[in-house]
Amino acid sequence: MPKNSKVTQREHSSEHVTESVADLLAHQEPVDYKRSVLNVTGEAWDKQKEGEEELDAENRPAWNSKLQYILAQIGYSVGLGNVWRFPYLCQKNGGGAYLVPYLVLLVIIGLPLFFLELAVGQRIRRGSIGVWNYICPRLGGIGYASCLVCFFVGLYYNVIIGWSIFYFFKSFQYPLPWSECPVLRNGSVAVVETECERSSATTYFWYREALDISNSISESGGLNWKMTLCLLVAWSLVGLAMIKGIQSSGKVMYFSSLFPYVVLVCFLVRGLLLRGAVDGIMHMFTPKLDKMLDPQVWREAATQVFFALGLGFGGVIAFSSYNKQDNNCHFDATLVSFINFFTSVLATLVVFAVLGFKANIMNEKCVVENAEKILGYLNTNVLSHDLIPPHVNFSHLTAKDYNEMYRVIMTVKEGHFKELGLDACLLEDELNKSVQGTGLAFIAFTEAMTHFPASPFWSVMFFLMLINLGLGSMIGTMSGITTPIIDTFKVRKEVFTVGCCIFAFVVGLIFVQRSGNYFVTMFDDYSATLPLTVVVILENIAVAWIYGTKKFMQELTEMLGFRPYQFYYYTWKYVSPICMAVLMTASIIQLGVSPPGYSAWIREEAAEKFLFYPTWAMAILISLIILASLPLPLVFILRQFHLVSDGSNALSVTYKKGRMMKDISNLEDNDETRFILSKVPSETPSPMPTHRSYLGPGSSSPMEMSGAPNGRYGSGYLLASTPESEL
């Protein structure tokens, strides 16, 4: 031992010498310093707990391959919204012009925040609860809020998978059951079902055969047993995929993530061969540039970007937490973001190729029906034969000939034209009939498929694609619940997953009543939008302003091996929080301006009608928003006033065997000071030790004891080669 060390001085002197950390360690039994760590933390050290955490970190599951992980992220982010929400927004908001605001917002909001979630999950290797407790305990409610939102979304999202399962099994017959209206027989008299005759075969099948829907949300009507069984099958599929964690769900992703692309490509090729497909695609991508100046277009584009990538749900963080520390999550973020975008464009091409075909079919039907009316008027001398152009042949009447005849009649019979009841039969009008969500998948698309050759095959493929798209998103959503809960409370994975699925099925029975579709609409519109926006804003603030953007960038540099672009520094610190705050304000205004209501199917009228939510439904609606947001202020208050301990009530110096960067016993006085205070940049310890929960704003060193309000500090000296050292 060096002569000038404090231990040697104490042996030869009667003077009292204050023992330093190095002296204390000098009296410890010999240890392997390559596997040791010095930990200064604000909480008492529990040896047993410490051992459990070390074992947990070492035994944490990992993806079998990078491909499996990428497919999981793609399967989670690419969902039903890409197929039935993006095409609708594209058509509604200017066609090809809508792609400009979408791409801009994807780059300045979507990509940076997606990268942020991937990075914190991979760095800390915990679910959303553990990650935000780690970064800022007072904002630990972020993780719990994410779990609640995932639960609400999972409840109704799996119902949609159940609907797809119902249609999937109904597709194994020819002709398809929604291709014709049912005929009721009363003795020798055959009568077409009135509700079907006044609407359409596909609309009738959806509302009456599938949902057996009631006239309003107030009329429960009891359980729909067919949909109850389908919901049970859907939750069974999710449970089986999730029961072993990523060991089981990762394998499912190989099929559920890739199969939809096979179907979309097949549909695109088949769609392009259909008559009228080009009309639909041209209509889709004809840009209406004036729409780009509409703030509403930008708001809807931002909302779509936000939900398309699954930000705030916790699924992104959960999947990323199973990665190796040196994984290039920046590449992953860029790849998944743009695959998501191109999938949306591919789905839009498919949808409008098929809808263009459907529009031509419906337009021809319109021409035939109105031509018969004109022939009737000619035979009864209501119209003169002189009004009909000589080249018009009623046996082979084209849309162009009909439109010419229509304009002539409208000009001559201007005063009495409305009484004739003739329709213009314009292809543009059919293409402008925008549909989204269930209306697109279960009414418009199913109607188009009835005109396909071998229609049952295409129907089976389409609904199997929807099941897989939904299943991929559900696995990510459920991971946003199971991963943080299992990490935090150490419950058994299999038991918790099964219990969660059973509980969700029981609660989800509300969605398979005859009025269940109205509850799906309520949850879809209100349970996630506002709470998730708040969650993502707080995530951004926690990392960029409380933890510190510079510090986070430095840690990313250590983790990735290169420094991320300065673009991310400015987007995280300024651009994204401002944009998200504007989006949240716009969402609140939209909620206030738009009356809370839903489209109800009125059986007697065979038509949809907008109804306002009754008082009790409004109470449920408001409760959903409050309940999803409640963990945020609740956890903050509990930790702010020390009602729940966050470890700030004691400062202890603990020494645990296992990891250490250098031999402390050989430190000289000056070396000792430099080591503890990290004066030499090259010897600065890892800024994210295993048990450090929060460093105050602006902190640049793990040992910097600033007056941050959190009051919890920690430091550790970790070996880079050990898995937990990178946390």
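Including glycine, each Cβ sits where the backbone N, Cα and C put it.
Just so you know, TrEMBL annotations never went through curation; they're auto-generated.
Residues annotated as Na(+) binding site in TrEMBL: Gly75, Val78, Asn82, Asn340, Leu469, Ser473. What TrEMBL records for 696-707 is compositional bias 'Low complexity'. The region 'Disordered' annotation in TrEMBL covers 680-727. Residues annotated as transmembrane segment in TrEMBL: 69-87, 99-120, 141-169, 225-246, 258-278, 301-322, 334-355, 457-483, 495-514, 526-547, 567-593, 613-638.
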Legend entry - Na(+) site, defined by Gly75, Val78, Asn82, Asn340, Leu469, Ser473: further same-chain residues with Cβ within 8 Å of the Cβ centre: Ile74, Tyr76, Ser77, Gly79, Leu80, Gly81, Ser257, Pro260, Thr343, Gly472
Legend entry - Contact between the transmembrane segment (141-169) and the transmembrane segment (301-322) (3 or more Cβ pairs under 8 Å, separation 6+): yes
Inset, instruction - Tell me, please, if the transmembrane segment (613-638) and the transmembrane segment (334-355) are in contact, taking contact as 3+ Cβ pairs under 8 Å between residues separated by 6 or more positions? - result: no
Legend entry - Beyond the flanks of the transmembrane segment (301-322) by 6 or more, those residues with Cβ under 8 Å of it: 60-63, 69, 72-73, 76-77, 81-82, 85-86, 89, 93, 98, 101-102, 105-106, 109-110, 113-114, 117-122, 124-128, 131, 143, 146-147, 149-150, 153, 246, 329, 332, 336-337, 340, 344, 473, 476-477, 479-484, 487, 528-529, 532-533, 535-536, 539, 579, 583, 587
Inset, instruction - Could you tell me whether the transmembrane segment (69-87) and the transmembrane segment (334-355) are in contact, taking contact to mean 3+ Cβ pairs under 8 Å with a sequence separation of 6 or more? - result: yes
Inset, instruction - Count the CB pairs under 8 A between the transmembrane segment (225-246) and each of 99-120, 258-278, 457-483, 495-514, 567-593, then give me the winner. - result: 495-514
Legend entry - Same-chain residues near the transmembrane segment (495-514), Cβ under 8 Å, at least 6 residues beyond its ends: 151, 154-156, 158-159, 162, 211-214, 219-224, 227-228, 231-232, 235-236, 238-239, 242-243, 478, 481-482, 485-486, 520, 523
Legend entry - Top Cβ-contact partner of the transmembrane segment (526-547) among 69-87, 99-120, 457-483 (pairs under 8 Å): 99-120
Inset, instruction - Write out the long-range same-chain contacts of Ser473 (Na(+) binding site), meaning residues 6 or more apart in sequence whose Cβ is under 8 Å from its Cβ. - result: Gly75, Tyr76, Val78, Gly79, Leu80, Tyr157, Gly310
Inset, instruction - Would you mind listing the long-range same-chain contacts of the transmembrane segment (258-278), meaning Cβ under 8 Å and 6+ residues beyond its ends? - result: 71, 78, 343, 346-347, 349-350, 353-354, 356-361, 452, 458, 461-462, 464-465, 468-469
Legend entry - Val78, Leu469 as binding-site residues, winner by CB count within 10 A: Leu469
Legend entry - Other CB atoms, at most 10 A from the CB of Gly75 (Na(+) binding site): 28
Inset, instruction - Tally every other Cβ atom lying within 10 Å of the Cβ atom of Asn340 (Na(+) binding site). - result: 24
